[in-house]
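The block underneath contains the structure these notes are about, expressed in structure tokens.
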Amino acid sequence: MADKKLLSVRTRLVDGLNHAVIRDLLDDLNSDGVLNDGEVEEVTEGQSRTRDKARCLVDMVRKKGSRASEKLLSRLQERDGSLHGQLELDAQPAQGAPVPIISQQETHPPGVLVPCTQQFYSRIFAEEADSVYPIKEKSGRKRLALIINNILFDRPDMERKGASKDEENMEKLLKDLGYTPETSNNLSAEDMEKTLRAFAKREEHKESDSTFVVIMSHGVRDGICGVHYQNEESKDVFPNDKIFEILNTQNCPGLRNKPKVILIQACRGEGGGYAFVSDSVPVDPMEYEDDALRKEHKEKDFICLCSSTPDNKSYRHCVLGTIFFQRIVEQFHANAHKDHIDELFRKVQNAFKDFPMQMPSKERTTLLKKFYLFPGL
């Protein structure tokens, strides 16, 4: 397969690529739909040395699978036939070599959620029923998701340009996963709390099997900025802990024993280095519930992925949106049909391996079972 072929010549290819060819390949792969604008900038702006740019490009394409790798090799032949020939990429497989098996992902259009097969669903519950969260029948369930996206702030210089693209992408992804997203924009910390509390009380949760809560804004160390945030002395900050309190067993009984996926895009401090556009806000110098019947864990069945580690920044492209949600959408599209949520988040984190300025952080995970999304079922 082309990705294995690319891996076999990786070192020589990285050594052989020059700046001009890398630039041409990036333009080609961008027009082919293999790389998006954010990924192109990650190669060109995130790496200083030519060899590092080449390594980043090759690894980025190879991880996208055989079709993407084949496109890179084809474009390489057009742009640098000499290097292509040196790598002996035209060599045919030996007589009688096995025909590569084409995966479901490779036959599915890029940028579209790969659906789960009934066979996979049946196998998972046949082999792991006791360790997998159940899902409700499609005909009777009422899955809700909440998106809070702060774009415009009292301070004009804090506008989160490109954030509407994240909102658009996440609304589409959640709909494709079978959720009905409810979106609220430009909220203060007080309004964020009111919105989340109202969402927690929705009756539909009783007929749901899970939920997603997505919050996007500027942020500080321990909280999410409301639209009235001004500086370090501002009170308009919604504490991250409140999300878990509002959705816990006591306050949101409709989601008891059901997965609650929290995605937070916000800076958590000033740490970091190079940026496209920083989400960071400038800072001035600066138990158990008893329900009378039995005891139940107060905070359980959560999984939260934050866009960065504590004290550090997150990064956002002015047009394409945050790198965090670009990677989430990519990984969910390609792998949600076969991976549970923990593994999906691991792959999102791994996609930042060559982007040293930011690393998503999985936190307060209290899932007791595997949560498969089974898209399409």
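Note that Cβ sites are derived from N, Cα and C of the backbone, with glycine treated the same way.
Straight from TrEMBL, the features:
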DOMAIN    1-91  domain 'CARD'
DOMAIN    141-271  domain 'Caspase family p20'
ACT_SITE  His218  active site
ACT_SITE  Cys267  active site
DOMAIN    292-375  domain 'Caspase family p10'
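Figure note: comparing Cβ neighbours within 10 Å for the active-site residues His218, Cys267, the maximum is reached by Cys267. Distance between Cα atoms for His218 (active site) and Cys267 (active site): 6 Å, as a whole number.
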